[in-house]
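Participant: Pulled from TrEMBL, these are the listed features:
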COMPBIAS  40-59  compositional bias 'Polar residues'
TRANSMEM  100-118  transmembrane segment
BINDING   Gly106, Ala108, Val109, Asn113, Ser357, Asn389, Leu455, Asp458, Ser459  Na(+) binding site
TRANSMEM  130-151  transmembrane segment
TRANSMEM  172-200  transmembrane segment
DISULFID  Cys212-Cys221  disulfide bond
TRANSMEM  263-284  transmembrane segment
TRANSMEM  296-318  transmembrane segment
TRANSMEM  350-371  transmembrane segment
TRANSMEM  383-408  transmembrane segment
TRANSMEM  428-455  transmembrane segment
TRANSMEM  485-510  transmembrane segment
TRANSMEM  516-537  transmembrane segment
TRANSMEM  557-580  transmembrane segment
TRANSMEM  592-619  transmembrane segment
Amino acid sequence: MEMKQPMIENREDGGEQEKEQESHENGRLVADSIVEKGQKSCSGPGQVSNGYSSTTPQSPREGAGAGMDRGSTPGAFRTLVVQQTSLDPPRETWSKKMDFLLSVIGYAVDLGNVWRFPYICYQNGGGAFLLPYLLMAVFGGVPLFYMELALGQFHRSGCISIWKHICPIFKGIGFAICIIALYIAFYYNTIMAWALYYLLSSFRTTLPWTTCNNIWNTPNCTHYLSTDLNVSWTDNSISPAEEFYIRQVLQVHLSPGLHQLGWVSWQLALCLLFIFTVVYFSIWKGVKTSGKLLHNSLWQVVWVTATFPYLVLLILLIRGATLPGAWRGVVFYLKPDWGKLLTTSVWLDAAAQIFFSLGPGFGVLLAYASYNPFHNNCYKDALITSSVNCLTSFLSGFVIFTVLGYMAEMRQQGVETVAKDAGPSLLFIIYAEAIANMPAATFFAIIFFLMIIMLGLDSTFAGLEGVITAMLDEFPHLLARRREWFVLGLVCVCYLGALSTLTYGGAFVVKLFEEYATGPAVITVVFLEVIAVSWFYGTTRFCNDVQLMLGFAPGVFWRVCWVAICPCFLLFIIGSFLAFPPEVRLFDYLYPFWTTVLGYCIGLSSFICVPSYMVYHLVTTKGTFKQRLLKSITPEASGSSGPQRDTIVITNAV
């Protein structure tokens, strides 16, 4: 779009003649005659031959040439004919608006919506939890989501280079985000490797997690289906689905803990290799290829990918609602316990859930929005995608708890006893058992685990694209023409970093990364991001940027949220985490104290980029300390340097 923006560039004295010569070589004379009244080339007052109004800026960098279509002689009009070319490659844009929306929704709606929200909801008062959840979404999550979309779309930069236009001293935030994204890639894709293992195991008549006569089963394995009404379930009983997950897929029984992880599982290593191969060929060419490959090459039609996870969830909901005892799970899910609203932990869980569900601070929203047209309505996009995200979480709760109610009915236990496991166990044990009780179980297993892989791939595409965009924008001359090789190197690094999660004790590593390496660090980074934008860059300036893009400025509600409520919202999460560190447990393994120290060190390794770059910037900047400090917090003018600079050729015909 910027190729059509009329502007006049302020040239430096040193290379004025050379640049002017290059401009004339890249431009051509469009017209050299008087444009008569009524001609198509001048469609009305205040317009130029490209059809845009000469008084309305089309980008944040234009407007300098507005009003130059008048001659110097009073009463005589001169025609301004513009042919704009750029010496640098134009920035990619989304092929269609729907590609952007589906990519953002695919990033925001991930596996956490399916397994984490239902567990957090029933643990914190059922239906009563929806009140703090919605309040935290309205006053914290959605404003942060909207802010990142607007920043990325206006400055058209990744999470590193964008800071020179906001507050240069905070550029370390971008590097910290990239490191956090790598840590997430180390463990998040392993969960998809587990799902792929399940998918490949589903291509058989009898699902392997429905029987107790396999080599990995123990004497405590208790086989039951919806027709086995006389099966007795004891406290020592273990379902075949649980043993398949723990003893066959993860093989955690072969590892005593984090101090002795064991060998790498070659089956999971091959599954993860396939996952990263798909990831590479989906993002190696950029957003245009990513959008088409993700939504067209894999499934040919974008609507199939967008609706497929919801279709599967709807099928599971209908099937779960027809199971005996399903109502017990729904009542347990929604029955409000208003007394729990008086506890701090409920509000902390609500804030953390909405934050990690919407996903600000990971560089993805900045990257995706940077490929939007300048005047795209990102305000509407923020409301749509955040609403879809929250509704998906709520729907997943019904899918989970209808099955939990059925399992409680079959075992003659309470729902709270059955629903003791959280995290991936909800998907790979409870869902797997639910599928085994359906007609055409093989078919449902295939589409369900395919859905899990697709949900995870969307988020992986987004996370790595955030890193790629940031690095390409920061080092364009080095990486712009080597994107394919850079993406290949990045994917290889992620695969090698994930090898520890493929060992017999890999599930313990996944839990450690999830609890310590990413959560506290990214919340702290976003807190600094909000402070930098609202207090240093300035809410007024930011709102003016939004008005230039959308035609209207954000209201008082959004300003108050960005200046005061969002920082308090994030500070509340950080303070609560530091004051009440979580007790981490997986299966029967309680994480020792040294693992907590290790987790904090991993998290600190990414956050340390922020103060380190502050010191580096102050040391390398010239001038007195006051001058350095002032320059460090003063944003550079957009378009003054870098790969997005436009060059324009203007020809006047009298």
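Glycine is treated like the rest: Cβ placed from N, Cα and C.
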Participant: Mind checking which of Val109, Cys212, Cys221, Leu455 has the fewest other CB atoms within 10 A of its CB? They're the recorded positions.
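Facilitator: Each of the recorded positions Val109, Cys212, Cys221, Leu455 was scored; lowest Cβ tally within 10 Å is Cys212.
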Participant: Here's one to test understanding: among the binding-site residues Val109, Leu455, Ser459, whose C-alpha is closest in space to the C-alpha of Cys212 (disulfide bond)?
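Facilitator: So, spelling it out, the nearest of the binding-site residues is Leu455.
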Participant: Do at least three CB pairs under 8 A connect the transmembrane segment (485-510) and the transmembrane segment (263-284), leaving out pairs fewer than 6 apart in sequence?
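Facilitator: Result for the transmembrane segment (263-284) with the transmembrane segment (485-510) is yes.
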Participant: Going by C-alpha positions, which of the binding-site residues (Gly106, Val109, Leu455, Ser459) is nearest Cys221 (disulfide bond)?
Facilitator: Leu455
Participant: Are there at least 3 C-beta pairs under 8 angstroms linking the transmembrane segment (516-537) and the transmembrane segment (383-408), leaving out pairs fewer than 6 apart in sequence?
Facilitator: no
Participant: Write out the long-range same-chain contacts of Ser459 (Na(+) binding site), meaning residues 6 or more apart in sequence whose Cβ is under 8 Å from its Cβ.
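Facilitator: Gly106, Tyr107, Asp110, Leu111, Tyr188 - these are the non-local Cβ neighbours of Ser459 (Na(+) binding site), listed in sequence order.
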Participant: Applying the rule Cβ within 8 Å of the centroid of the Cβ atoms of Gly106, Ala108, Val109, Asn113, Ser357, Asn389, Leu455, Asp458, Ser459, what extra residues of the same chain belong around the Na(+) site?
Facilitator: Ile105, Tyr107, Asp110, Leu111, Gly112, Gly359, Thr392
Participant: Relative to the Cβ of Ser357 (Na(+) binding site), which residues of the same chain, six or more apart in sequence, are found under 8 Å away?
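Facilitator: Within the chain, Ser357 (Na(+) binding site) has Cβ neighbours under 8 Å at Ala108, Gly112, Asn113, Arg116, Phe117, Gly141, Asn389, Cys390, Ser393.
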Participant: Residues sitting near the transmembrane segment (172-200): Cβ under 8 Å, six or more positions beyond its termini, same chain?
Facilitator: 111, 158-163, 249-250, 267-268, 271-272, 274-276, 279, 361-363, 424, 427-428, 432, 445-446, 449-450, 452-453, 456-457, 459-460, 463-464, 466-467, 470-471, 474, 493-494, 497-498, 500-502, 506, 509-510, 513-514, 517-518, 521-522, 525, 528-529, 532, 602, 605-614
Participant: Before we move on, state whether the transmembrane segment (592-619) and the transmembrane segment (485-510) share at least 3 Cβ pairs under 8 Å, counting only pairs 6 or more apart in sequence.
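Facilitator: By the criterion, they do not touch.
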